[in-house]
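According to Swiss-Prot:
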type	residues	note
BINDING	12, 82, 83, 135, 244	sn-glycerol 3-phosphate binding site
BINDING	12, 13, 14, 266, 309, 409	ATP binding site
BINDING	12, 16, 266, 309, 409, 413	ADP binding site
BINDING	82, 83, 135, 244, 245	glycerol binding site
């Protein structure tokens, strides 16, 4: 009997295929790095074909390396980088343009102009839970339709399909038979009404986007179709799709209201489970869908930071201050502090709670005594300070946070997590499986395939790897954070756009 689950985690800088057994234990994984393109300042793109090729390669290789066949796989689940936008031809399957990444800021002027119109901003926030920011898919779709010759006319004729990465991969896996997405990914487009759980005609009119572009929206556990026989040699049922941050929340067993997880990958994403309540933040966080099962919605409150692990990659690649990403841990711990240096990594603007798309990165406090170790440490500390920004916002919105569950590639850095616990003043628990997005996807795919009976049964399998407890003097904590706030204040643009009503 087939009992293995294949989870795909398609991320910003890499694609992973991870095998789990029926007890949700990680059996084997394979990953492939993918290319990001930066054709202009603030523009971030991917090659959709490379995303697909890397996904198929990972699936084939992980099966071969684990000495398994596709027939051994009971279910396949997909998690993905959210908001990243792809339009393709329904007849040929060819992408119309590169995938516009979630970090892309090219539509900032359009978003500002739209937000300045009377009543638009309040209506958008009420319907979507989001803000009018280039982060979300709606303005990216609009840009492609307006700037690629013939795109709008083809869309009006029903010849084009839109999808976030999950939808595009599903189309490719099923040989074009299924054009669908899930509720979590739909909720990040800026076109989905999270109150009514449907595409919103008024929002489509606002952005002048033909409804024929859009995929069908399904629950996170659903029958999404089967992989095409020619791809893996056997038809595997696709039983789950979910955005990567929501997948991580499920993988971290954050299924009860009040539970919080934070994922540290390219960016940092903190998600609070708010149960069946939509909480419109008073502190610039996003209302979103955490998951939807059996037509029942669980909502979340999310803070999004654009640059976390990407700051370490910046230290490695253009600056060559480190050779490998994991060098950052030893270098940060080799100095007592940053020597007064603060890095504000606003390379693509600042996300929550500032939402300033025009802010740009800055280093403060440099002296002749500044060493590269100080800058490396400042980059890691910046991730933790930004996390404290989010925690303060969550607390001010009424949550009670005593423990934070963390995952993602950066969570392997012990120094980072200890400093995180210190600066937050709360316990930090690292999951035994730091591939929480893949684990959550496997949980849901297994549920959809009947391998698990309930969400509670699955998440009962969650285990902590290590607990980090605050050790920093509270006065020192406040001094360091005060320095961060002053650095951010100097980085913000004088006339940051009004993104909230």
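The count begins at 1 with the first shown residue.
Using N, Cα and C of the backbone, Cβ positions are placed for all residues, glycine too.
The model shown is predicted, which means the values in this text are computed figures rather than measured ones.
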Max pairwise CA distance, angstrom, over record-listed ATP binders 12, 13, 14, 266, 309, 409: 13
Least Cβ-crowded entry, counting other Cβ within 10 Å, from the binding-site residues listed as 83, 244: 83
Sorted by sequence, non-82, 83, 135, 244, 245 residues with Cβ within 8 Å of centre, glycerol: 81, 84, 102, 188, 243, 269, 304
Greatest C-beta neighbour count within 10 angstroms, which of the binding-site residues 12, 13, 14, 266, 413: 266
Binding-site residues compared (16, 82) - the one with the fewest other Cβ atoms within 10 Å: 16
Cα within 10 Å of residue 245 (glycerol binding site) - qualifying binding-site residues among 12, 14, 135, 266, 309, 413: none
Output field, ATP shell: CB within 8 Å of site CB centroid, site 12, 13, 14, 266, 309, 409 dropped: 11, 265, 310, 313
Reduced DSSP assignment, residue 16 (ADP binding site): strand
CB contacts for residue 309 (ATP binding site) [other CB atoms within 10 A, all chains]: 21
Protein Cβ atoms within 10 Å of residue 135 (sn-glycerol 3-phosphate binding site), excluding its own: 29
From binding-site residues 82, 83, 244, 266, the one whose Cα lies nearest residue 16 (ADP binding site): 244
